[in-house]
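Quick one: this structure, given as structure tokens, is what I'll be asking you about.
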There are 2 protein chains.
Amino acid sequence: MTIRYPNGNQFYEQPASSNDHNDTINFSNRGMTLEDEINKSNSYYLRNEIAVIHKKPTPIQIVSVDYPKRSAARIKEAYFRKASTTDYNGVYHGYYIDFDAKETKNKTSFPLKNFHKHQVEHMRQCLKQQGICFAIIKFVNDQSVFVLRASTLITYWDRQATGGRKSIPRSVIEKRGFPIHYRINPLLPYLSAVDLMID
Amino acid sequence: MTIRYPNGNQFYEQPASSNDHNDTINFSNRGMTLEDEINKSNSYYLRNEIAVIHKKPTPIQIVSVDYPKRSAARIKEAYFRKASTTDYNGVYHGYYIDFDAKETKNKTSFPLKNFHKHQVEHMRQCLKQQGICFAIIKFVNDQSVFVLRASTLITYWDRQATGGRKSIPRSVIEKRGFPIHYRINPLLPYLSAVDLMID
């Protein structure tokens, strides 16, 4: 069955770590969500000892649980909660990595409403601790993907409050972000953008 | 109602960030789990911009969800999953911090069965990426708490496979670990041990 988040996005389990030889680029990738693509890339980075980056579990508010004899505890009632942090974090060459991944059907800009206030606050806090923070943004229209520094995102986020626009123009993302081109392995080599950010 | 994990431990929600003035040491702390104590300490570190460290949400396998009209999506059937990583991670002064917290009723040793294989593997992976990895171990008997380097834990873990003991003697934890003494704020100042590990 298809499970959906309250925002309508489809819920996917973390994929089991897949076999390298199956990680080929083909049109079937076009059916993958950005989350799938990043999980797949993280599996590659993990298997090859390049980085340890995981998606955090979806936060759930548990209301009621059954404890049947001789079988696993069963959650009978629970609700999705809003995440208070970004979805992904981990470690790469001693650097703390922290990011969120968002896709948009918009063609010319990225709407800031894709982020929650708590997520942006979390990025601000991580930056103060010298973490490497960013967003991975995908324009599904033409399958282009960019890494955008958290500092750029925060600048636009804060400007909203004083009458600024509610989105980041694609032209800004192209100019200030780092384009990520699909490859075979990893599917989305976003750590190459991190290397540039560290330099 | 009281909600329990499959292992019988009580399930607690992440506490709302509490007021500094209420963080006093008193006998009521004796009713807190180690998880409560660490969450409280992390809230203090976060509020005071010392570190950004969060507990990861409990991983859940969702089986069935209801989407009632005009109200929140309701999870009708789900199960607890084993975590594939440690429970806590974050960033402190540019360092990647990663740890798990375990308490034991044993008095003279810490049983290794408190850890899952995946958690130990995760620590191994993080160490290779130059993360700061450790376990916070509490002997509930006399309320003593220690930070133990992941490398020490891994040494004992690996020895099990070749006939070694299934626990770490308390004497070893006292000698090679860092004792953490309860304070007012933060309740468990475990980052002071991290400072020593970084030195």
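Including glycine, each Cβ sits where the backbone N, Cα and C put it.
Automatic, uncurated: that is what TrEMBL annotation is.
According to TrEMBL, the protein has these features:
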type     : residues                             : note
BINDING  : A:THR85, A:ASP87, A:ASP100, A:GLN119 : Mg(2+) binding site
COMPBIAS : A:7-23                               : compositional bias 'Polar residues'
REGION   : A:1-23                               : region 'Disordered'
SITE     : A:LYS102                             : site 'Transition state stabilizer'
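Have a look at these and tell me how they're positioned relative to everything else.
Neighbour density for A:GLN119 (Mg(2+) binding site): within 10 A of its CB lie 22 other CB atoms from the protein chains shown.
Neighbours of A:LYS102 (site 'Transition state stabilizer'), defined as other CB atoms within 10 A of its CB across all chains, total 17.
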Would you count the other C-beta atoms found within 10 angstroms of the C-beta of A:THR85 (Mg(2+) binding site) for me?
22
Taking just the CA atoms, what is the gap between A:ASP87 (Mg(2+) binding site) and A:LYS102 (site 'Transition state stabilizer') in Å?
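With the alpha carbons as reference points, the distance is 10 Å.
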Across all protein chains in the structure, which of the binding-site residues A:ASP87, A:ASP100 has the highest Cβ count within 10 Å?
A:ASP100
If I take the alpha carbons of A:LYS102 (site 'Transition state stabilizer') and A:GLN119 (Mg(2+) binding site), what is the distance between them in whole Å?
12
What does DSSP say about A:LYS102 (site 'Transition state stabilizer'): helix, strand or coil?
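DSSP assigns A:LYS102 (site 'Transition state stabilizer') to strand.
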Given the recorded Mg(2+) site (A:THR85, A:ASP87, A:ASP100, A:GLN119), which additional residues of the same chain have their Cβ within 8 Å of the Cβ centre, ordered by sequence?
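Not counting the recorded site residues, we get A:LYS56, A:ALA83, A:THR86, A:TYR88, A:ASP98, A:PHE99, A:HIS116, A:HIS122, A:MET123.
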